[in-house]
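Visitor: I am attaching a structure below and will ask some questions about it afterwards.
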Amino acid sequence: MKEYLDRGTMLLAILFNLISLPKVIGARKYAMDEKCDETIQIDGRLFHSISIQQTFRNNYAMNTRCRVTIETLESYRFIIVFKRLDIEFEPMCDDDFLQIFDGNSTSHPTVKGLPTRICGQERPPGSYVTTTSQVLMAFRSDIYDARDGFEIVLTTFRELPCEGEEEFKCMNGRCISALLRCDGTNNCGDYSDECQWTAGVLVGILGGVVFLTITGIVTVRFARKKRLLKMKMPKRLSKDKTIDMTMEIFSTPDPEITCEHHKGKSKHSAVPEVPEGHQPHCHLYRTTERIDDHIKL
């Protein structure tokens, strides 16, 4: 049984690793407050996307200033998608806010389509693209309130034509790494890289693995029990032993009917065997048979 449990655990581990492989190879996670004044490089070969959030803690720090630059190969640009947003809201976003510049300094304009300052809880919908291979993210908070922050996915892409099987062609005409397809993240920006059946297939595979594991355990337990019972039971009966087999015919005697062989007698008596043509309702008959070695287990 332990062997089957180990096999089931191993199968689940392999399945999990296969499902997680695109995420491990294609994307990485960063916390902005751990990379302040640093540059994150996305080489476009091994890593093609990053998920960056303000902090890995529950709330971002108050009274903070932080800037992070993200760079990739010159032939690539960035697709920006917001997964969540929770920054202290103020109508003009003067207190806590995030800025995303289309370049490596604040002298560049902010990414087209995004507000100059981003705050509140309503995340910008859809996707946004840069015109350069560099992005500068700048965050500021005051001393009054701290919230959850944000999480943003940045994916490298190229314009058409895509390079064979190494790249996936999005419905919006962008080329992203094929490793990012069906990874649970909207890398294309229009969800065309995601598979609608991914969750269902995963549940089906996991259910199959669990079923096979349980079946194996039950089979092993049944086989062991059967083997133990077989070891305890004799293979055949001894010749000097007999088995009494009793044939009983139960019936409620009918007082109006007199048995032929008892006519003229006042009492019924048991006979050793059933006479031919005898009415079975008259008696309870018992017969004993000797069974020798012709019965085997």
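Each residue's number is its place along the chain shown, starting with 1.
Quick reminder: no glycine exception, Cβ is built from N, Cα and C everywhere.
So TrEMBL lists these for the protein:
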| type | residues | note |
| --- | --- | --- |
| DISULFID | CYS170-CYS188 | disulfide bond |
| DOMAIN | 36-157 | domain 'CUB' |
| TRANSMEM | 197-223 | transmembrane segment |
Visitor: CB neighbours of CYS170 (disulfide bond) within 10 A?
Guide: 23
Visitor: Give me the count of other Cβ atoms within 10 A of the Cβ belonging to CYS188 (disulfide bond).
Guide: 25
Visitor: Taking DSSP as the reference, which of helix, strand or coil describes CYS170 (disulfide bond)?
Guide: coil
